[in-house]
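Trainee: Supplied in structure tokens, the structure appears directly below.
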Amino acid sequence: MKVILASKSPRRVEILEKIVKEFEVVQSNFDENTIDFKGDIEKYVKDLSRNKAIEVSKRLNEPSIVIAADTVVFQNGKVLEKPKNEEDAFSMLSSLSGNTHKVYSGICLINTYDDTVVTDCDCTEVRFSELNPRQIRNYINSGEPMDKAGAYGIQGLGGAFVEGIKGCYYNVMGLPLNKLYKALENYDITIL
């Protein structure tokens with residue numbers, strides 16, 4: 001059975017390559033702005049990932065396992081997604097500075113052969129160092145934070161700001177590897 005990653009994220013591709021030998025990338029065209037956060041962060045990221053997977057699965061013509069994910073940073077009851085602009089990135093990074101936040105990723109697997117849907121969620125706590133405005137501006141000027149939830153990438157320059165994590169490192173990158181591995185074990189595909 002074919003494996004399809006419903007994401008254009010190079011980080012998700014890199015993570016999936018660790019456990020699945022062959023897969024295709026098909027970007028989801030689902031509009032994330034059609035789902036509003038209503039207080040339940042786990043439901044929110046699972047709903048987003050499920051809708052991404054559904055959109056891709058409807059375009060496929062052969063039996064496949066479609067994998068989709070959505071990752072957000074959550075702090076003080078607020079969802080921090082990708083920054084809209086540099087000012088938004090500055091605001092996000094300033095709020096993360098010296099504090100602990102949580103990163104939630106929802107994953108969804110759809111088996112298009114029998115239309116079974118599996119969703120799950122992972123959470124990782126991340127502790128940030130205290131950052132001054134110059135450090136934040138320099139990081140924003142690198143361009144790295146602009147396409148990442150919470151305006152930082154733990155696997156890149158943003159990793160220098162992380163004092164520690166509790167939970168899955170790959171979840172912070174955008175795809176909870178252990179949860180995904182366990183979910184994929186239920187399918188007849190080659191993993192590892």
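Note: Cβ is positioned from N, Cα and C throughout, glycine not excepted.
Summarising the annotation, Swiss-Prot assigns active site, proton acceptor to D70. Per Swiss-Prot, the feature site 'Important for substrate specificity' maps to R11, T71, Q155.
In the displayed structure, how are the listed features positioned relative to their neighbours?
Mentor: Secondary structure from DSSP puts D70 (active site, proton acceptor) in a beta strand.
For R11 (site 'Important for substrate specificity'), the same-chain residues that are 6 or more apart in sequence and have a Cβ closer than 8 Å to its Cβ are G153, Q155, M173, G174, L175.
Within 10 Å of the C-beta atom of Q155 (site 'Important for substrate specificity') sit 17 other C-beta atoms, taking all shown protein chains into account.
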Trainee: Quick one: give me the count of other CB atoms within 10 A of the CB of D70 (active site, proton acceptor).
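Mentor: The Cβ of D70 (active site, proton acceptor) has 27 Cβ neighbours within 10 Å.
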